[in-house]
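Residues or ranges marked as transmembrane segment by Swiss-Prot: 77-97, 98-118, 151-171, 231-251, 265-285, 305-325, 642-662, 689-709, 733-753, 884-904, 946-966. Taken from Swiss-Prot, the feature active site, 4-aspartylphosphate intermediate covers Asp357, and the record attributes it to similarity to another entry. Positions annotated as Mg(2+) binding site by Swiss-Prot, on the basis of similarity to another entry: Asp615, Asp619. Positions annotated as region 'Disordered' by Swiss-Prot: 994-1023, 1067-1131. The compositional bias 'Basic and acidic residues' annotation in Swiss-Prot covers 994-1010, 1118-1131. For 1089-1100, the entry in Swiss-Prot reads compositional bias 'Polar residues'.
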Amino acid sequence: MADIKEGVEEGSVKVDMIKEPLTQGDTGVDEVDFAKITLDDAFKYLNCNKHGLSSAEAAARLQQHGPNKLPDSSRNPVLVFLGYMWNPLAWAMEAAAIISIALLDVADFVLIVGLLLINAIISFYEESNADKAIKALTAALAPKAMVVRDGAIVTIDAVNLVPGDVILIRLGNIVPADVKLLEEEGADEGEQEAPMQIDQAALTGESLPAKKFTGDVAFSGSSIKQGERHAVVYATGVNTFFGRAAALISGTNNVSNLQTVMNKMSAICIVTILLWVVVELAVQFGHYSHECVGGREGCPTLLNMLVVLVGGIPIAMPTVLSVTLALGAYKLAREGAIVTRMSAVEEMAGMDVLCSDKTGTLTLNKLSIDKSMVVPVGNMGVDEIMRMGALSANTVTEEPIDMVLWESYPDRETIKRDYKHTKYFPFNPNDKITIATCLEIATGRVFRVLKGSPQVVLAKAWNAAELDATVNQKMVEFANRGFRALGLAMADGDGKDGTKWEMLALLPLFDPPRHDTKETIEHCQNQGIQVKMITGDHLLIGKETAKMLGMGTEMFPSEVMIKARNGDASQLHGYKNFVEMVETCNGFAQVFPEHKFEIVKILQDSNHVVGMTGDGVNDAPALKKADVGVAVADATDAARGAADIVLTEPGLSTIVTAVIGARKIFQRMTTYSKYTIAMTFRICFTFGLITVIYDWYFPTILIVIMAVFNDGAMIALSKDRVVASKTPNSWNITNIFIMGMVYGLYLTLSTWALYQTATKTTFFEDKTPLHSLNDQYSVLQPWCEDEVRAKLGQTIDPYASLCESNSYAKQFDECEGYQKGSGVQVEDVPTLHAQCVTEQRYLRGAMTRSLIYTQVSISGQALVFVVRTAGYSLMERAGTSTYLAFFFAQVGATLFGIFGLGGFEKPRHQLEDCQFCDYSFHEPVDWFDSGIVPESGTESDFTASVIGCGGYVIVAWIWSAIWYVLLDPIKWILFWILNEEGFRDTMSWRESTKRSLDRRSKDDIGDKEFTGPSGMVPANYSNPLGRASMSKPVSAVLDRKSASLVAINRNSMTVSQDPNRALNIGRRSMIGRPSGPVGRTSMPLGRISRTSNTLSTGSKDGQIGRGSKPLNSSSAEIKPDKYDFASTIRE
């Protein structure tokens, strides 16, 4: 590699000579400090010049040096797959598998391992597909770079940059590679150089932007805060300063909020399971004196413990939640909202305040200039003014204002032919102007054209005092009509010998509101989101736009905000304090980026989840600070880098769609969370209680099969059709735990009642044609006496030795030489009656297990339909995938319940060809061909076997349906007590049910219908404006925002100014739709109350109803404001 000659003095910025240029495969990063060598030496070292590379040279270098990106952080797919089996829940399942194989229970071991593998395969497949799809959609967000190729500036993907490329970097760009700045374009020798300001805090820790001049270096990843300059690339990819730093921290790993939530829920489940495991073992080994001598034959108690351990573990939880999030993020990306931080989906679901910029989000950002409204303030005519405007534009950057000025001048070709830009001073947020230095080719005349904020342009004019009144008056007129004002000035010369600026004109820029913004804002408010306009434009422009959009006009300029923050009570405008003012008002105008940051912080301190939109480099701090930073379409690289969500489609509607999508994702995740907690409690308490009280066994194989059917089907929840919550969402583990516990205990009660009814009563035998499953001795004693006589003859003594049976006598050595009919008892040989009781208990218990299995499976998965909605579950249509999952899972469970396992597992102390295992009506048992039964007296090491319960599956379905009916009322009671989703604050359960009935015929994404006033929450006596503010509205606001209500009856009409009385008239008629702090400006004319025969009217532009007189004498015209009239030309 090339070496630098020795002899360079320490601190020198010049290299005497470079032995050889950069060669193939080299970058020179480690050999040369580019900050200390001259530009000429850098060009020699990189083997290039200021005119950049040709396409062929760039392609060759790309092959040699590789792409300008860090190495892919993708992990080995095998390790990713295995990772799905490495978490606390999987560890518990793996422990169960180890116990199974240690006890030589191969079948359970295989099924448990199979369940783990199925879960991992589904997770790997679904998440991989979602990740690939998201990467494909985010390819459009790949950083771009403006590079000089073949002598022309072209835009390419930054990944294709190579050492030696000359690029153009400007305000808002993220520096795409390590570069060395070239001299300013068009700069003359001796002219003072304007520095670039580059924010490299993320790389170097500098708190303030660094000033950079010609020859200085800028690192990849830093952002341009001011200026525009060409630069030569000297390092790309891993060889950049950022690349080497990233390599050092690549091992760090942050725990997401979802992972934290899963850890908490996993802990709840595991603690519950372990408690029951301890109780079961203590009772069975203690009270029931079970023994454990090792091996499968000698320790059935441990196998029974696996039922609680395997059944209670929500093994599918990481899969369902992560896949739900991944698939949801993919769907958001398809709808124009690309998630850069996955946990932002959860925060977007909880967002209750959205601070939106005006330009491009609430408006179209398609500027136009009405030439008839141009205001000349000098000696030029309108055509000449428009020509100067076109000359001031830099069309390379394609900024909206530059483009509208350029395109508004019809004779653009003459400008290209007759003039040349020799220098361009770009816009920056501090100066608020641009300056173009122009050369008239024919005459050699040099002049400069300045455009920008009217106040700034006016201040530079030589006759500013004379023009001040005219300019301010016209600015107010423009603002009253919703126009932004742009100042234009010119001066002869290039500025070296002083400048005499002459202001030429004020140009009106109109940016029309989006056609769907008004409806979208209404929808936002109906979804519990307060929209605040945060604009850099003049206050009057903001208010006029707000009126067009139906927003509230309670807006203030940043000057008022600053004074109020500093304790000036006169600027509070009736609010109690500054915090309430920020929280309650509809927006702020004439704001700077630091104001946005402060607004976000104040709202967050008031317990709001705040979303902030932005597009510029100076919006980055506020975007980073916000809970949900949203970079709008066509945002700068810096804004995109700071945002959590990047929009690819313009407009507020995309944000609302993303919020609704995020809430749906959240709804799916909380649905599964409630379900899985409920199932843990249900399995633990159901089988734990029956085992502890009755020393009852349940085969592990059944619980594993149930987990395969039901937990596998839960993946469908990630694609379920849900209705987004009307209120912001957040994880409330306490509520999830309480609701899951109540559901689980209720389902436990349903199974317990079924077990008691089937095994301790004769209800089913008496009321249905089904045989009895009653296992009580009082029932079995007479039945077995009849059964023994029916099988062996009426003269046989039922209590005689088992040796009386030819079949069984062959299986006992003790029966050798036994004389039938002697009635002699044989030691160690059970009696006929005792064997009959044992066989019947074995048979009925085995069939009861199939019944319980089927009922637990059906009622458990049916719970999903209850917890997925706040309304009536039978009327809220679920997704097709959810129905199909339930159908196939329960068809499998039903078939399994009918046919069972034919007596598997076989009893350890067994007799073949059972003699007394008929149904209770003395018919042979179906699906029990083996006839293997346990020997009487071996119950202490009894193996839990399974035989199909046949027609009892109908009982399981009917029983589950009956108990299902009460789940919705229980849910509503819990919603009321816990105020889930604002249930208690916003509606009664009857209203919730009615609303769910209304919704089921609608498309699930829209819910366009208003369900309350236009404010955040429905009005009530303590909150008559329906505000979502944490603080009570001040009296001044109530007085200012109250509207009259006209109550009409046949004989009289009364007008009420009392908000409380308004509430008595009718819920929907309250204050019309108030133009309150968070409401719309007014209500549509003559809206009829739904709850009473009243007509509610609201003011719109100062008018009431059709043709009626105003309530007050205030005019709809906006008066000139006392505040500073400086308006910015971009937000």
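Every residue gets a Cβ built from N, Cα and C, even glycine.
From a predicted model like this one, the values you see are computed outputs, not experimental measurements.
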Subject >> Distal contacts, the transmembrane segment (151-171) - CB-CB under 8 A, six or more residues away >> reply: 22, 27-28, 46-48, 50-53, 57-58, 61-62, 65, 67-69, 142-145, 177, 179, 182, 196, 218, 224-236, 396-397, 426-428, 617, 636
**OP:** Would you mind pulling the DSSP three-state label for Asp619 (Mg(2+) binding site)?
**Re:** helix
Original post:
Taking residues 6+ outside the transmembrane segment (884-904), which of them lie with a CB under 8 Å of any CB in it?
Top reply: 699, 701, 705-706, 709-710, 712-716, 846-847, 850-851, 853-854, 857-858, 861-862, 864-865, 927-930, 932, 945-950, 952-953, 956-957
**OP:** Quick one: give me the count of other CB atoms within 10 A of the CB of Asp615 (Mg(2+) binding site).
**Re:** 27
Original post:
Can you tell which of Asp357, Asp619 has the most other C-beta atoms within 10 Å, given these are the recorded positions?
Top reply: Asp619
**OP:** Give the distance between the Cα atoms of the residue listed as 'active site, 4-aspartylphosphate intermediate' and Asp615 (Mg(2+) binding site), rounded to the nearest whole Å.
**Re:** 9
